[in-house]
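**Q** Relevant sequence annotations retrieved from TrEMBL are reproduced here:
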- 1-23: signal peptide (SIGNAL)
- 416-748: domain 'Ionotropic glutamate receptor C-terminal' (DOMAIN)
- 537-555: transmembrane segment (TRANSMEM)
- 561-580: transmembrane segment (TRANSMEM)
- 592-612: transmembrane segment (TRANSMEM)
- Cys697-Cys751: disulfide bond (DISULFID)
- 768-791: transmembrane segment (TRANSMEM)
Amino acid sequence: MVHLFPSSLKIGLLLVILVRSEAKYGKDYEIEDCPMKSKIFVKIGGVIDFDLLNSKEVQVVIGTKLDAATLFQDVDETSKDVPIISLASTASPEITPIPLPHFIQMSNDVTLHMQCIASIIQHFNWRKVTAIYEHNNGFTSHSEILTTLSYSLRFFNAEIDDHVAFPSMNYLLNPLENIEKELARLKNKSNRVFLFIQSSLEFATLLFEKAKQMGMMGKGSVWIITDDVATHLDSLDSSVTFNMQGVLGCKTNFMEMSQKFKKFKFMFRRKFGLEYPEEENFQPSIFALRAYDAIWTIAHALKKSQGNFTSQELSQNVLLSNHEGLSGKISFKDRKLMESPIFKIINVVGRSYKELGYWSVVSGFTENLVKHDGMKIITSTTVSGRVLLGSVNWPGGLKTVPKGWIYNSSEGRPLKIGVPAIDPCPQFVSVSHDERLNKTQFKGFSINVFETVVKLLPYHLPFTLVPFYGSYDQIVEQVNNKVLDAAVGDLQIVEHRYAFAEFSYPYIESGIAMVVKVKPDRSKETWMFMDAFTKEMWLLMAAMHLFIAFVIWFIEGENNSELKTFGAILWFSVTMLFFAHREPVKSNMARIVLAPWLFAILIVTSSFTASLSSMMTVSQLEPSVPDIQTLLKTNAIIGCNKNTFLVHYLVDELTFHPENVRVFDSINDFHRAFENKEIVAAFAISPHADVFLATYCQGYIKAITLKLGGLGFAFPKGSTLAIDISRATLIAIEKGEVQRLEEKMLSNTNCGSPNSKIQNEQLGPLPFFGLFAICGAIAIFGLFITIFHFVQNNIHLQTGFELIKVMALKLVNMCINSDATLTTENYSPCGSCITIYAHVYKLESHYFD
């Protein structure tokens, strides 16, 4: 029985040749070159001749495109006993057992293919895909594969936007016409991520050729292919790959560098070249390797049976297989291959493709593979971040990741977006016409925010800005009437406009602000200077000042006659605050102590001046009119901008008399109206009021603000674009982009942001802690050095108490206004000094008598 394996090798080669040429020859084959006199029936296609299967002349069937569901539709009781090995990919097993006891699936689970594709979708942050597949009985059921793909995408928050089922090539009279019709429909849709989830090579070749002609392989498009097509890329000529530039794919990985594969490849190419000399390039695909492995698996099973076997025994021996094949590990569990495949992520470039990385259900994306224990493959170097992203050649030569989505209007033109041409606040929206360029220019904060938001959309949004010379309510009505596709500007979101349009999430908070002139509050100015510092700061400042004065007095007292008395040093400490001291400091050590403290005084006094000035000029300002009720009671004249909702709001909601409401073209007109006493208060939306206050720094204040919905962009009712713009707006806000644009806008005004004024906060010790610590450390150091010198000069004293007594006498002597030596017979009339001396004298008598 030894000659079984060479014969099986011949059978395997013949089978893979048939598999490789199945596109040309769709018929059945019988292989009888087997010493067991058994007949191997090879089926190229999806329908079996069951009369032949029931003839009991066939011991095993190998089908390249057979699945259990297809077979079970027509199989009878006799056919069930024949082992059937299917090389076709299939979805996960059904919940109920398949009533074919000897059906064996020797291929990858389609679920893993779909998970690999879903991981690629997630890696590049695409959210919607279009699934394309060829409806062929030889493939997995399209409903199963779509369900599997949909479930895999939902795991990554993505979804199938559309799917196209093309009939089998065998049933199309004019395939190109049918392909062109469906591609034209897809081209008019927004999604640009196309997945080839199931297709024959011939159909894929025609579709990519037509997609190239129709401009669907250009910039912004994404095409992803699965193993059905990707595994044949090694054998395609340049005319086919030319139409597939930039295509991504997942291809089942196998060991191409093993000696076993190289030997097989040599024999395969030689025999294939003899059979089909017209083929330019022929390489064994994963399907050919599985066909070869299927023959070897049967050969192993036949060898175990020793010539006598039943269908059940043969099937059982096949299921017990455990060996390395060319396509990978051959072992089964639940009648399916046990080992999960590793997919190679490829990118079509030039005449062939380049490898971007690998993917497996266990490790996810990896950068490379490591050979271990013979044929066993393990992954290493997990891909994180953007390893795949930076190396992809996208369709059309695009250098960045395609957004995978474009917004197509119903007429197939860019969106026509209206912008208020007469805006009360030019810092938000400014429309001007450049005569030299003959072009309308749109500038301002709202325009900048919209352009920033559009860049954050997951697709390309073509649009054109057009000026609108009407009111804000009218531009919203034009959006509702489909005259405009959207409206962009400082559009206040209010209730009555919701009847006409869908608004995006507000890009800035807003309300109705009442701006009035200010009046100073003089009632709190008497003791205001005490509020510049906290109580702790005042106490710390006094303690530090007296301590520094004491140290200087202690150092200078014996050698400086002008600083010898304690009263002199107290006056010195006062004049030191104003840098007006006239008493000279003679000791270098005293100068070292005094210098940093003078610097500290300079810093503290400057801070005191700034804090007090802020309190006097900013914090004590009060509005000249406290509230709206005061305006109503006094029948005051107020102002607002025309062409806004404020005119009706002030009359209808706040009950102002129409004759008391003056309208102005711009917020800049408010200043002139206030100066001429035309109005008592001005009403504007709060973002406009902030610009006004930042432009006119002095004399105005925002008295009250009524909360409203904010500023947003308007879209037609039910527009899905409004949802996408809202999400992109939130991203821009969270990234701080909107805040940076707002700060930039306010920085171009006269005063900057009104919120940047100095807050009315008392200064405490914390800001000066470091400065005081340095000054205190230097003073302590100087005091220590002085005491040290004193001890050195009196080292002749025999006891410590004598040293303390001399130091006490020195201090007493420094307290009196005399240069005479203090004794019991000669003392100063200074009562405090006599008392100190008396205590010292008593202590001396107590210890030395």
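Glycine is treated like the rest: Cβ placed from N, Cα and C.
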**Q** Note the mean pLDDT of the domain 'Ionotropic glutamate receptor C-terminal' (416-748), expressed as a whole number.
**A** 85
**Q** Which residues of the chain, 6 or more past the ends of the transmembrane segment (768-791), have a CB below 8 A from one of its CBs?
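**A** For the transmembrane segment (768-791), the sequence-distant neighbours (Cβ-Cβ under 8 Å, at least 6 residues beyond its ends) are 537, 540, 544, 547-548, 551, 554-555, 589-590, 592-593, 596-597, 599-600, 603-604, 607, 803, 807, 810.
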**Q** If H, G and I count as helix, E and B as strand, and all else as coil, what does DSSP give for Cys697 (disulfide bond)?
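**A** Reduced to three states, the DSSP call for Cys697 (disulfide bond) is coil.
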**Q** What is the Cβ neighbour count of Cys697 (disulfide bond) at a 10 Å cut-off, with all protein chains included?
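**A** Taking every protein chain into account, the count is 13.
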